[in-house]
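Take a look at the structure below.
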Amino acid sequence: MAPALCAICKTERANIKRPKNHARVCKGCFLTLFEEEVHHTIVSSNLFYPGERVAIGASGGKDSTVLASVLKTLNERYNYGLELVLLSIDEGIKGYRDDSLETVKRNAVQYDMPLKIVGYDELYGWTMDQVVETIGKKGNCTYCGVFRRQALDRGAKMLDIKHVVTGHNADDVAETILMNLLRGDMGRLARSTNIVTGDDSSDVKRSKPLKYAYEKEIVMYAYHKKLDYFSTECIYSPEAFRGTARALIKQLERIRPSAILDILRSGEDMARLVPGESASSCGCKGKSKPPAATAAEDDGGIGGCGSNGAASGNEMAAMEKQLRENEAAEELEVDVSKLSLAGRAAESETDGAVPLKTNKNSKPVTRQTLGNCKRCGYMSSQEVCQACMLLEGLNKNRAQIQI
Ligand SMILES: [Zn+2]
Ligand SMILES: [Zn+2]
């Protein structure tokens, strides 16, 4: 059997099976498709304006490293006119964050972007290591998630930047949708489907340009583009519920690759049924205004590290290993078994557009009344913000220990 050819260019050997739709493409076409899909997401949801200064929440991990690389590429290719800055949070986790910050520092040089690092200790007086020492490992991701959200906002304010992009991917968003579905929390479910979170009262907008990108494709992109990223998982375990939702989605994906996008689409459709909420879908036609979202848990990132579910970590590590092995094998001969479906897969969606319904009837957005936290002055819908509430508990604990 002759080696199958790429479904896009029809000239190169198809050596990549896209996790998203099982299309068989060559490396060059895969990289381009991936970039063009992110471009499509950005353009169709009007994410940026020319001249905008944008901070990339950079952890040194695969998601934010791919985000930084793709944004740099697209910014140059399509003249977005963006001024891109890397913004990193130092949670104070020895042996994990120290190393990943070194990666971000290298990325700053590689991508020629300024880098700002903000530490939990300077912002809150606590490192995550100290938090875990006090409360144990259980639930620490909640602290980390709440602290990180504020830290990114505060870092952005220090830089006088009004837009923070994060590396949340389709798997992360599907996970959050599923968790909220299982909790019966439709309000939060609706908000979690949005590409833009943040609220009108806060002047820092948050968005997820990789919202429709599969985690597996992000790993492949990073690998084939030879990006320098940090692949060790956070040493503190994620929230159990998120980990379970993640494992479930991975199982579904095995049987039905479109499951992740299907959950996203269902979430967006359900969001439209929630009074006072409107979901931003890919927005090719319908333009919807981002609804209000205030609390940290509205963001896909509440799991703190978000994409660090144990199941995922192992699977992604296995996938990276597989990619390296495949490459070694391909140098010897064409792996026919991997290519046997090429012809069929070529018919599936390969034109780069994510087939998502548009939002025709977005409803007006209910605004939450927002004030400022009376302790730290941070934007909050309560008198005391979530971070300060958590800190109060921690500080009490510390006081008791000292007595
Ligand atoms: Zn090709
Ligand atoms: Zn506060």
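Each Cβ is built from the backbone N, Cα and C atoms, and glycine gets one as well.
The annotation domain 'tRNA(Ile)-lysidine/2-thiocytidine synthase N-terminal' is assigned in TrEMBL to 54-233. In this model, the domain 'tRNA(Ile)-lysidine/2-thiocytidine synthase N-terminal' (54-233) carries an average pLDDT of 91.
Neighbour count (other Cβ atoms within 10 Å of the Cβ, all protein chains): 25 for ILE89 (ATP binding site). Per TrEMBL, ATP binding site is recorded for GLY57, ALA58, SER59, ASP63, ILE89, GLY167, ASP172.
Under the heading region 'Disordered', TrEMBL lists 279-300 (among others).
For 280-291, the entry in TrEMBL reads compositional bias 'Low complexity'.
The annotation region 'Disordered' is assigned in TrEMBL to 344-363 (among others).
The domain 'Cytoplasmic tRNA 2-thiolation protein 1 C-terminal' annotation in TrEMBL covers 371-402. Mapped onto DSSP classes, the domain 'Cytoplasmic tRNA 2-thiolation protein 1 C-terminal' (371-402) shows 17 helix, 4 strand, 11 coil.
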Maximum Cα-Cα separation (Å), residues GLY57, ALA58, SER59, ASP63, ILE89, GLY167, ASP172 listed as binding ATP:
19
